[in-house]
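What follows is one structure encoded as structure tokens, with my remarks underneath.
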Amino acid sequence: MSNEDETTRLMSSDEMDYLLETAGINALEEIISQNDSTGINLDTNETAQDSSYDSIRRSPSILSVAKSVEGEHGRRKLLCLYGLVMIICIAESISMTATIPLVMDKVAEGISDENGHYDSVAVQTIVSSISSSTMMIAGAISIFMAGKWGELSDRIGRVRVFKYMSGIRVIGLLTHVFTLSSKMKYHKWAIVLTACIVPSFGGLFALVANGNSYVSDIVKTEHRMVTIGIMMSCIYATMGVGPMFGSFLVKWTHGNGFIPIYTSIAFVILALIICETIMVEPRHETQMAHSQSTYTKRREKLRSQSGSDDARNYQSVTYGKFQIMRLMDLLAPVKKLWLKPDSAGSLVPRHTVILLIVLDILFVCGTTSCMPALILFSTYEYKWHAVELGYFISILGIGRGVVLLVVSPTLLYTLKRIYQHLNHSIDKIDIFCIQFSMIVITLSLFVMIRFGEKTPTSMIIFALLQALSAFCSPTLQSGIIKYTSKKHTGEMFGAMALVRSCVMLVIPPILLKLYGSTVSVNPSLFMYIPFSTSIVAILLTFFLRIYKNPPLDGP
């Protein structure tokens, strides 16, 4: 596999905000360039070590992406990819909110007495435990499976991997709906294990990674960032509309929560049909054969290094070495975040990157990590069901998409006219965006702590304020990759994705556990943790320093 293919494969779903904002920036600059005769001047003396964020300013717009794909056949492949991704994402988002009330009903059925009475606090505690167990198991498996899917798609093709992912989704949804139906008695671990199937082996992380690989096969290098940004906008659109559509289905069927899941299964089956009939494999047979040959040689090399004559011991040692090497290979990109001193011996770049990583962790703690516990809080405090949850998630998802595609590019364009944009270091534009985002995150959590137990309107205000922080993630990521050369961009993204995955593996289960333990005393107590981390994040932003030396050569 070439270095270029490897870099593309390392792109993960954690780049979603960064890539989507890229698409918005280019769309805005295309409009400006058409209406303003002065346009945006390009610096022809920029070197190959320019940051990725600067490449956004010079890259083609969305309106010219179609020209980057050679021939009508290539453009049709892209349209098929966008359609397939949207169908799979809407299938996932439709059942997202309907599943939670079904799990709660199943738990209530399992712990109720002979008269049908049950303790609602006990239900919240058990559902919290189910959610945290599911997230931990699925998160641990998906970290390893994401890389495996990328390797597998190189060997057998992108379309076949899409087929496998769709098939796994059908199996996962069918088994999960069976465990929640009246045909099966309540069993906690049956619900947990069936809920782990889809996110562990065919979740959004793997879907986006395979989509990135598909794009890399048919789109020129200089146009890939914008093309992937368009794919991300398709994902955000469907992930925002899906929960609302699911709410309409539940309302239309008078509260039948199984209908959205059946609809999801139908959409996934449609995706399977599209893969079988319309989708065209972009990867050439010789490339797949080369990847298979490389994989076989690597396995043979591991066997030859085992040095064991005993057959059984030989197999176990080989397998153990192979898994250890895979684990080390998975963690290898993290070393890129520990930058070397520059030519003058300064450690400012290293300290800044570490601080940005810490801010990214705190950002995740204040946004994504608290959502599972917050959703359970809403079902307990406001008695929300699938319909209301669908509206809430749709507001949050659509709001983030609007901010990334409209508000963020406009804000950045305005700030670039006020402050100097730096290619080799974070600048005042980045610091302003990070500080603003952390402030609105803190305000959103304060609203929930202060008014969350009084009115459900606080959830809507929370969603709108959280949406305003959407450009924090791309700002942090673009700031980090300013300190490295383009040839290491994929590895840096991979390292950041791995750090985020580890955070999501730990923090949400902790918040769910805390919520389950305190729901009978103070349901909103868990919110103080993300609220505290957000305050710490605001304070840390004042320690960010602009690196004034010439651009780095990269780590």
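From the backbone N, Cα and C atoms, a Cβ is placed for every residue, glycine too.
So that you can see what the record holds, here are the features copied from Swiss-Prot:
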type: TOPO_DOM; residues: 1-83; note: topological domain 'Extracellular'
type: TRANSMEM; residues: 84-104; note: transmembrane segment
type: TOPO_DOM; residues: 105-125; note: topological domain 'Cytoplasmic'
type: TRANSMEM; residues: 126-146; note: transmembrane segment
type: TOPO_DOM; residues: 147-188; note: topological domain 'Extracellular'
type: TRANSMEM; residues: 189-209; note: transmembrane segment
type: TOPO_DOM; residues: 210-229; note: topological domain 'Cytoplasmic'
type: TRANSMEM; residues: 230-250; note: transmembrane segment
type: TOPO_DOM; residues: 251-257; note: topological domain 'Extracellular'
type: TRANSMEM; residues: 258-278; note: transmembrane segment
type: TOPO_DOM; residues: 279-356; note: topological domain 'Cytoplasmic'
type: REGION; residues: 289-311; note: region 'Disordered'
type: TRANSMEM; residues: 357-377; note: transmembrane segment
type: TOPO_DOM; residues: 378-386; note: topological domain 'Extracellular'
type: TRANSMEM; residues: 387-407; note: transmembrane segment
type: TOPO_DOM; residues: 408-428; note: topological domain 'Cytoplasmic'
type: TRANSMEM; residues: 429-449; note: transmembrane segment
type: TOPO_DOM; residues: 450-459; note: topological domain 'Extracellular'
type: TRANSMEM; residues: 460-480; note: transmembrane segment
type: TOPO_DOM; residues: 481-491; note: topological domain 'Cytoplasmic'
type: TRANSMEM; residues: 492-512; note: transmembrane segment
type: TOPO_DOM; residues: 513-523; note: topological domain 'Extracellular'
type: TRANSMEM; residues: 524-544; note: transmembrane segment
type: TOPO_DOM; residues: 545-555; note: topological domain 'Cytoplasmic'
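Between the transmembrane segment (258-278) and the transmembrane segment (84-104) there are 3 or more Cβ pairs closer than 8 Å, counting only residues 6 or more apart in sequence, so the two stretches are in contact.
Proximity of the transmembrane segment (429-449) to the transmembrane segment (524-544) is established through 3 or more Cβ-Cβ distances under 8 Å for residue pairs spaced 6 or more apart. Broken down with DSSP, the topological domain 'Extracellular' (378-386) shows 5 helix, 0 strand, 4 coil. With a cut-off of 8 Å between Cβ atoms, the residues of this chain six or more beyond the topological domain 'Extracellular' (450-459) that come close are 377-378, 381-382, 384, 388, 392, 523-524, 527. Panel annotation: around the topological domain 'Extracellular' (378-386), residues 97-98, 100-101, 104, 120, 124, 246-247, 250, 255, 257, 260, 392, 452-453, 456, 459, 519, 523 of the same chain, lying at least six beyond its termini, place a Cβ under 8 Å from a Cβ of the stretch.
Among the stretches 84-104, 189-209, 357-377, 387-407, 492-512, the one making the largest number of Cβ pairs under 8 Å with the transmembrane segment (524-544) is 357-377.
Broken down with DSSP, the topological domain 'Cytoplasmic' (408-428) shows 12 helix, 0 strand, 9 coil. Away from its own ends, the transmembrane segment (189-209) comes close to residues 9, 11-13, 16, 85, 88-89, 92, 99, 103, 106, 130, 133-134, 137-139, 141-142, 145-146, 149-150, 164-166, 168-169, 171-173, 175-176, 178-180, 231-232, 235, 501 of its chain (Cβ-Cβ under 8 Å, at least six residues beyond either end). For the topological domain 'Extracellular' (513-523), the DSSP-based tally of helix, strand and coil residues reads 6 helix, 0 strand, 5 coil. Summarised as a single figure, the pLDDT of the topological domain 'Cytoplasmic' (105-125) averages 86. Counting residues of the topological domain 'Extracellular' (147-188) by DSSP class, helix then strand then coil, yields 34 helix, 0 strand, 8 coil.
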